[in-house]
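Peer 1: Among the features that TrEMBL reports, domain '6-phosphogluconate dehydrogenase NADP-binding' is placed at 1-94. Per TrEMBL, domain '3-hydroxyisobutyrate dehydrogenase-like NAD-binding' is recorded for 99-219.
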């Protein structure tokens, strides 16, 4: 999985184009819908077939084979690779024509980036109020809002473990793609706009290679 559109663009050599003849290319990277359409046309013109399948999930779900694939493109082509992607996914859902998988991921990631920021703010408020963070974490883990994701991130904050399961730079890339999607859909998402600004500040603070939950470090700083 390559990081973004420019990373993919860098490998589109003549040799790569020739190798696409008769092949089926599955792109799992998070890119813009425009780039995905460009890539689909590039592959088709080279004599290949193209499927878009961004995934939901980071390092731990990937290691456990629990990613969620959002497939887009020709329905029969998507069905033909279900057995191939099964080892890395707990579900591979057909979302529609090219672009639909990415649009689904933007909407899913909107929930993710806002939830991550909210979880960081919650833990920071508990810390600022002088609460026992171990006890606070147990309350969150036992409550109705608990999830496998929240439990992982709560533990990382308590242990101050900033090793990346999903790096801040990836989160910021997602936040930028979400903002572009919001504008393209002519709708509003004030929380997404705030999150893009917050994660951008984290990147500027040198947190790009740390886990996205390290955004809590910004919150613990005195307001300027």
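The backbone N, Cα and C atoms fix where each Cβ goes, and this holds for glycine too.
Map these features onto the structure and tell me what's around them.
Peer 2: Confidence annotation: the domain '6-phosphogluconate dehydrogenase NADP-binding' (1-94) carries a mean pLDDT of 92 in the model.
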Peer 1: What are the helix, strand and coil residue counts for the domain '6-phosphogluconate dehydrogenase NADP-binding' (1-94) according to DSSP?
Peer 2: 43 helix, 23 strand, 28 coil
